[in-house]
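Student: Annotated transmembrane segment per Swiss-Prot: 2-22, 68-88, 100-120, 147-167, 172-192, 217-237, 253-273, 294-314, in sequence order, evidence recorded as sequence analysis.
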Amino acid sequence: MFMINVLTLIIPILLAVAFLTLVERKVLGYMQFRKGPNVVGPYGLLQPIADAIKLFIKEPLRPATSSISMFILAPILALTLALTMWIPLPMPYPLINMNLGVLFMLAMSSLAVYSILWSGWASNSKYALIGALRAVAQTISYEVTLAIILLSVLLMNGSFTLSTLIITQEQVWLIFPAWPLAMMWFISTLAETNRAPFDLTEGESELVSGFNVEYAAGPFALFFMAEYANIIMMNIFTTTLFLGAFHNPYMPELYTINFTIKSLLLSITFLWIRASYPRFRYDQLMHLLWKNFLPLTLALCMWHVSLPILLSSIPPQT
């Protein structure tokens with residue numbers, strides 16, 4: 001029975017990932033005054049399926065000097081961790097209702113660094129290794145601010161359980177009292193998922209393609225799917241934290257529709273940013289975090305700690 005539950009979570013995620021690639025190409029196309037994919041199927045709707053078939057029937061090449069076990073294990077680990085992070089997300093009911101759901105998600109996103117590092121190292125290519133080291137430095141750095149922002153939100157929430165956020169936001173979305181946190185959170189999620197304008201790991205002009213430069217066919221597709229699954233997951237997480245949808249237990253589908261629309265709009269914002277902004281320089285990327293975001297988030301965290309004490313009130317209890 002549990003396997004059926006897992007499959008009912010994984011299959012829609014994989015479908016969402018497939019169609020997000022199509023949405024991305026369409027949105028970028030229209031933003032650049034062109035059509036995007038429109039040949040395979042009506043309005044190009046079958047394009048992701050054609051892409052998947054093409055990628056998975058190609059021969060998976062690997063460099064002769066690569067470390068085989070790690071080279072194959074890295075993309076599998078990347079996708080597994082990307083799918084595992086969906087377990088505690090309330091939509092409106094999570095697969096497993098964890099007491100420390102937020103902590104679980106932080107731990108899983110930290111583990112995802114290993115797949116990037118292994119892929120870069122096992123490829124035995126200078127470009128891949130430099131791309132991997134950049135990605136690891138970027139991911140680890142931005143996780144610091146993500147953790148502090150999460151702590152501030154959880155102080156308002158009063159619980160580490162993600163489902164409690166639905167109750168906390170019945171009266172007002174947390175984006176209103178905590179808009180500076182929400183802005184920094186959104187920018188940090190862009191950096192965490194290695195998206196433009198923070199896609200330094202894929203600097204085509206200098207690194208060819210980044211840590212996945214030696215990958216082809218199936219393993220490359222797994223990395224690609226992991227990246228897009230993480231993008232959707234981060235947007236869903238943002239919706240849960242700052243744009244909580246109203247949940248009526250008698251009509252849970254209303255929550256799901258509300259929640260899906262918000263997540264889709266956030267995903268399109270990701271694509272809009274990609275179409276609009278040029279890439280950061282690497283030192284600017286690190287400067288933004290360590291010199292700007294970190295002091296601000298620490299100050300706001302202290303503010304959120306002191307406010308309930310100042311007003312001698314307590315956060316909502318569960």
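Glycine is no exception: its Cβ is also placed from the backbone N, Cα and C atoms.
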Student: May I ask for the residues of the chain that lie six or more residues beyond the transmembrane segment (100-120) and have a Cβ under 8 Å from a Cβ within it?
Tutor: 70-71, 73-75, 77-78, 81-82, 84-85, 87-89, 94, 128-133, 135-136, 139-140, 143, 146-147, 150, 154, 160-163, 192, 201, 211-212, 215, 223, 226, 230, 237
Student: Okay, the transmembrane segment (147-167) and the transmembrane segment (217-237): do they have at least three CB pairs under 8 Å, pairs separated by 6 or more?
Tutor: no
